[in-house]
Protein chains: 2
Amino acid sequence: MNKHKALKGAVAAFASVAALGAMAAPAYAVDGTYSPNGKTVSELAKHGGAQRIASIGNEKAKNVILFLGDGMGDSEITVARDYLKGANGHFEGLDAVGQPGALGDAKAGTGQYTTFSLGNGSKDSAVGKDNNGSLAVNANPGKITPVTDSSASGSSWATGTKTYNNAVDVDVYGNPQLNLFELAKAAGKATGNVTTAEIQDATPAVLESHSTERGCYGPQGKTDGTSNDALKRCLANQLKENGGIGSISEQLLDTRADVTIGGGSKYFRQTVQGGEYQGKTVWEQAREMGFQTVENDPAAMNALQYKDNQPVLALMSDGNMPTKFNPSKATAKDPAKDANPTVCTPNADWLGNQGVSLKDMTKKALDLLGANPNGQKNGYFLQVEGASIDKQDHAGNACGQIGETDDFDQAITYALKNVDLNNTLVIVTADHAHTSQILNAQPAYALSTVLKTADGINMVVSYGTAQDDSRDEDGGYNGGDMEHTGTQLRIAASGPGAQRVTGLTDQTDNFYTIAGALGLATSTESQSALSSNAEVKVNANNGAYTAEATGFNGDAVLSYELKDKTSGKTLATSDSSTPVSGVRVKTAQSTGIALDSITEGGEYTLTVTGRQSGKTVSFDFQAPAQGSSDTKADNTEPSGTIASGKAQNGAEQNMLGKTGAALIAIALAAAIMAALAMLIKTAKAAKNER
Amino acid sequence: MNKHKALKGAVAAFASVAALGAMAAPAYAVDGTYSPNGKTVSELAKHGGAQRIASIGNEKAKNVILFLGDGMGDSEITVARDYLKGANGHFEGLDAVGQPGALGDAKAGTGQYTTFSLGNGSKDSAVGKDNNGSLAVNANPGKITPVTDSSASGSSWATGTKTYNNAVDVDVYGNPQLNLFELAKAAGKATGNVTTAEIQDATPAVLESHSTERGCYGPQGKTDGTSNDALKRCLANQLKENGGIGSISEQLLDTRADVTIGGGSKYFRQTVQGGEYQGKTVWEQAREMGFQTVENDPAAMNALQYKDNQPVLALMSDGNMPTKFNPSKATAKDPAKDANPTVCTPNADWLGNQGVSLKDMTKKALDLLGANPNGQKNGYFLQVEGASIDKQDHAGNACGQIGETDDFDQAITYALKNVDLNNTLVIVTADHAHTSQILNAQPAYALSTVLKTADGINMVVSYGTAQDDSRDEDGGYNGGDMEHTGTQLRIAASGPGAQRVTGLTDQTDNFYTIAGALGLATSTESQSALSSNAEVKVNANNGAYTAEATGFNGDAVLSYELKDKTSGKTLATSDSSTPVSGVRVKTAQSTGIALDSITEGGEYTLTVTGRQSGKTVSFDFQAPAQGSSDTKADNTEPSGTIASGKAQNGAEQNMLGKTGAALIAIALAAAIMAALAMLIKTAKAAKNER
């Protein structure tokens, strides 16, 4: 990153802050009243800015399970119900959540929410990405985007912040937003993430990582793991070799959820390009970091047991998992389809045949979380995604989406039978609506499949939203390119606080529902306060020095600066050229920062800043003198630690990483100018001296 | 109807009853537990048979207002919100209903319900209609139909009975089912029916009439009022000239709602073909029956005042009312549409410009119901339909459907500001989902319109469900033929009992929600009991005799038989050849039956039977002797009445008209056989002797 780029970014950030400060106080209320029309995109882009019902009520749940059917709009639910159960039938799990037992049942709720996203309106464009493929910090929050993708929607429910399609837990300016796993771990809770998709796919990714591009799967991006694709689908500055916080797979390890089960094992065969594990595969890194790993081995997955501080990472297929049903193909109107309606058939390759259905994975996750002392004591948050409802809807594959909905329902059913709804809130929803529509007769324009349902009748499922109309020789389209749709969505909940799920809300409200029930920090202020007890220790080990940062629980990214105390010269610094540059916080753990520039006997000033909280730890220290056999320079510190410091509360450095706080322009202008100068300086230092 | 046809029908009916009896007890429970999968169509076809949550809770509301957006699925709501208010905006009325003020707000509820219908799966086929266009009573309940039309859905929420597309308050066998107006009037409540459609259109019709075909608008059917179209779109046996209960317009007058405001005035210019008003227009009949009538006169509509026993019938346009916005036209994919997005424009012909918006009509209805002593004392039920959301969605007219949603929202907003939610339950829902979908980019297969929304961005509204793909020179399709879709639907409620509206229910549950809140008779048994105090008086007036039947509040249709007491010979009888043959009950009023066969001094036996309740009034009487100036043959009766009788409770004649009671085959077999014989006999008598 050159000086010009850093300057441009910082100026843009300033302009943005100034614009925020110039606006009137937010027009929305946080007391349960209704938000008015007409919010600006800047307002909507704030953390919590798109909520429709601010947190109402305060009923707490020890545990929360979020069942997320990707692309499972009301139409997709009805398609699957009609086919599998009959139009009057019901899903034992999917339809039972939110179903009241009596009038006013406080443990049941159903509602809808809006799902729009922000940005430039294209699902592939990151806001603020320049022509060179880098993310320049951008003052333009973009526009309203009527139809969300899974990453903007996932960021929305996982962090409470509306953002652009393609964003993973970063806001429209690229700033990381704390997610439910980060907040749950800060509260001492156990966490689990289960999906039928690649574990790097948008929905699981929003609980593992912060990425300006959803396709940044591994150190080599979304490749097959063997090539070093130049495109990568990663912002260059986010990659570890360039001083960034790393790919989604790498950050998954930093997040260190207690249980992670899904697909996408091939991306873990990619090679780490920077930092402590450079040159190793991500699988090797995982094992060295103490994970219990399983790669594509059903028996091993089912044999997994809870082991203290050995989180589970089980990836059961190279890519997305095979679907439960064989695919059907939507085709152009043809009377022959009415005469010979499609009956879906089981897929021999489905992993459920080997004990790895979504229900099996959910059972394993619940068993592991239940055996986890943190889960037992403090509760857990578990996300279970039925991912391929969406993927098969995209492909115009009615049987595929139906089978996946069935698999999803079985997982919910298992949970309902095995958790205590007196202390566990179970939520079922989707992340966006999709294309499939139920008709009585084949449409002329759209492609369709005629299915013979459980009622013994023909049901037409119509697919008409593809942008590309190229067709193959059978009259089918080439490739799966049906589109998401923008209708409001259903949400249902059972358990404590389920009544929060009612009325018309926004997708960002779901974050507040879950975080509120678990008692997590929801406001920007309370999230920043999670770093108030941050502490940094400098450890020496045979002449190598490391800063160990702990307690930065309100942060996802750290920046640091090591100065020569005497000369004031910057010796080492993190890259701060983008909001996803710097040191990735190891969630609720100790984050190590190698300090390579220290010489024996030298005096230094170390400053570590949480880029989201703005909390800073800064202190001076002296490296032990040459020949000293005792590294214990400070008698109050344990052996090996030569110095330490604690967060200087009240002196936060509010900068790019701030989690959408309500900034006030005048008060901040001076600080911004100072920080701007520092930004340029540190960026230069990084280039010149590392 | 010939003997063969009656026999065929009756045998079929018997077979049906036997089939019902052979089945196990209904598997669904009525105690709030969940219905299992796998109901047969016969079970679903019963009154209440498709409920998912049987009535839970018993909170009562004095008044209920049902706002029904025809075709207003969640996608249509979101299309209109995005365009009019912005994606983060909200409707002041539409979105406010069901919105909680606090956690567990007992006066707010939102949920979804299934909308499937029964029948043969075609929207134009009545079950059991034979090749001659008559309805033979049919034992075949048909199949599940995945996508409902507005008449089956209307029958579903208005009566609690699932039926076939094209049915208006008759079950799949053609039997009239009591609707909310009939039940509300039986309970002494005021009633109002407001729509932007022709008042004979399916949604308003289900509160006015029982018709085997939704197109039976007037005595000449769905014609322009000048011709006597041979097709008519009426079952011949339902027409008054053939001994039937009459067209929808005629039955509207029999129902005698306190307030009826809508379109469709031209059908009231048709000529009545049978009964007391034969040869007059339906307008003339209305005035003679004491209605305050307004025909296409905005000032007169707004000047209407409550007058005792002079219900309001204001039809403000010949057909459906003009839409609020000028139409847009969905067209094939074209990049030029992105560059020049559509902005909707107001329609100069919209009646709102003359004080007849849906809000204006709602205001007038509420004023009239509020001034009505029955409304003041016993409460009211008001239905307000935003009808053309559906009609413009059919036409691929995005601006049209948006403007109608806006008009609908304004009406709801007015109501929310002017009713007391402490005693009034306000429900907002649709009757079925529709075709329009929100996309970020134009689809290749479907037609679409690119709109510039309130957010200043482009939103694509896609229409892809038409069965016909003929296109005009502009690339647009010819005619509005987009189709309904089968997804489950949103329902929202505010006011007492709103929490009943939650979870996953069925459209038939909506009947129980409304009727339950109003304390109306919901079960078949309680509905039949409404006729327990039925009474019939024979009145003489200068040698003309009339039977006046009162108290048949559990019935929509009566049959009668006048016999010579001495010979036992049948002198006159109603036509019972179909379930919609016979005498239409004047709802909660006295129903007159002309007895033309009586001679002075003769002795007779008169039997009047409620065809739904099975309650029978039968008594002997003697006509006054020749030259008698005193018609008071019985000292206990008032002047003019020569005889009377009361319902013989415990001796119901359960027959075709039964409102879906749980029939038991063995016990009924004998009765059926007897009734079967009577059916043939009475049918013959009707042909031979009238």
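Cβ coordinates come from backbone N, Cα and C, glycine included.
TrEMBL annotations: computationally assigned, not manually curated.
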TrEMBL annotation, disulfide partner among A:C234, A:C344 for A:C216: A:C234
A:137-156, A:237-256, A:317-336 - the range that TrEMBL marks as region 'Disordered': A:137-156
Same Zn(2+) site per TrEMBL - residue from A:D70, A:D74 joining A:D390, A:H394, A:D431, A:H432, A:H484: A:D70
Nearest of the recorded positions (A:S150, A:D201, A:T203, A:E385) to A:H394 (Zn(2+) binding site) - Cα to Cα: A:S150
Cβ contacts of A:H484 (Zn(2+) binding site) (under 8 Å, same chain, 6 or more positions away): A:G71, A:V147, A:T148, A:D149, A:D390, A:H432, A:A433, A:H434, A:T435
Number of Cβ atoms other than its own within 10 Å, given for A:H432 (Zn(2+) binding site): 25
Three-state secondary structure, A:H432 (Zn(2+) binding site) (per DSSP): coil
Intrachain C-beta neighbours of A:D201 (Mg(2+) binding site), sequence separation six or more, cut-off 8 angstroms: A:S150, A:T195, A:R214, A:G262, A:G264, A:N320, A:A387
Shell list (Zn(2+); ref centroid = CB of A:D70, A:D390, A:H394, A:D431, A:H432, A:H484; cutoff 8 A): A:G71, A:M72, A:D149, A:S150, A:S153, A:I389, A:D393, A:A430, A:A433, A:H434
Length of the line joining the Cα atoms of A:T203 (Mg(2+) binding site) and A:D431 (Zn(2+) binding site), in Å: 9
Secondary structure at A:T203 (Mg(2+) binding site), reduced by DSSP to three states: helix
Three-class DSSP secondary structure - A:H394 (Zn(2+) binding site): helix
Three-state secondary structure, which DSSP defines for A:S150 (active site, phosphoserine intermediate): helix
Cα separation, A:D431 (Zn(2+) binding site) to A:E385 (Mg(2+) binding site) (Å, whole number): 10
C-beta crowding around A:H394 (Zn(2+) binding site), within 10 angstroms: 23
